[in-house]
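For reference, the structure discussed in these notes is given below.
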Amino acid sequence: MALFGSSAPAAAAPANSAEDVQQTKANLIAQLQQEMAMANAKKLISKVNQNCFENCITAPGSSLSASESTCLSSCMEKYIQFWNAASKAYIARATTQTVAANAMATEL
């Protein structure tokens, strides 16, 4: 009796080559990285909108004053610069930890 009560014999699953497995793994990693980048961009935009609007727009109206526009531009630039610096530091630390972990694994 085959899988799930079928009377037909179960077919053998095709063996995946090491190249297929590596390609699938690389594709999955790339997709996850892209999704994480998109989530981070959405989070950045949300934070910029929330904080800069609260700090720069004192009296919402039909248009922005020159000072509000300048404040928003400055605020957004600061947030983006900070975000980039934090991201670079995080990536550098993660890379260092990955290299150290790989070195320890090869020693064993």
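Glycine residues also receive a Cβ, built from the backbone N, Cα and C atoms like all the rest.
Reduced to three states, the DSSP call for Cys52 (disulfide bond) is helix. Summarising the annotation, Swiss-Prot assigns disulfide bond to Cys52-Cys75 (among others) and lists similarity to another entry as the type of evidence.
Long-range Cβ contacts of Cys71 (disulfide bond) within its own chain (separation 6+, distance under 8 Å): Cys52, Asn55, Cys56. Residues or ranges marked as disulfide bond in Swiss-Prot (evidence: similarity to another entry): Cys56-Cys71 (among others).
Taken from Swiss-Prot, the feature motif 'Twin CX3C motif' applies to 52-75.
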For the motif 'Twin CX3C motif' (52-75), find every same-chain residue at least 6 residues outside the stretch whose CB is under 8 Å from a CB in it, and list them.
none
Sequence gap of 6 or more, C-beta under 8 Å: which same-chain residues meet both conditions with respect to Cys75 (disulfide bond)?
Val48, Asn51, Cys52, Asn55, Cys56
Taking the Cβ of Cys56 (disulfide bond) as centre, how many other Cβ atoms lie within 10 Å?
19
Indicate whether Cys75 (disulfide bond) is helix, strand or coil by DSSP.
helix
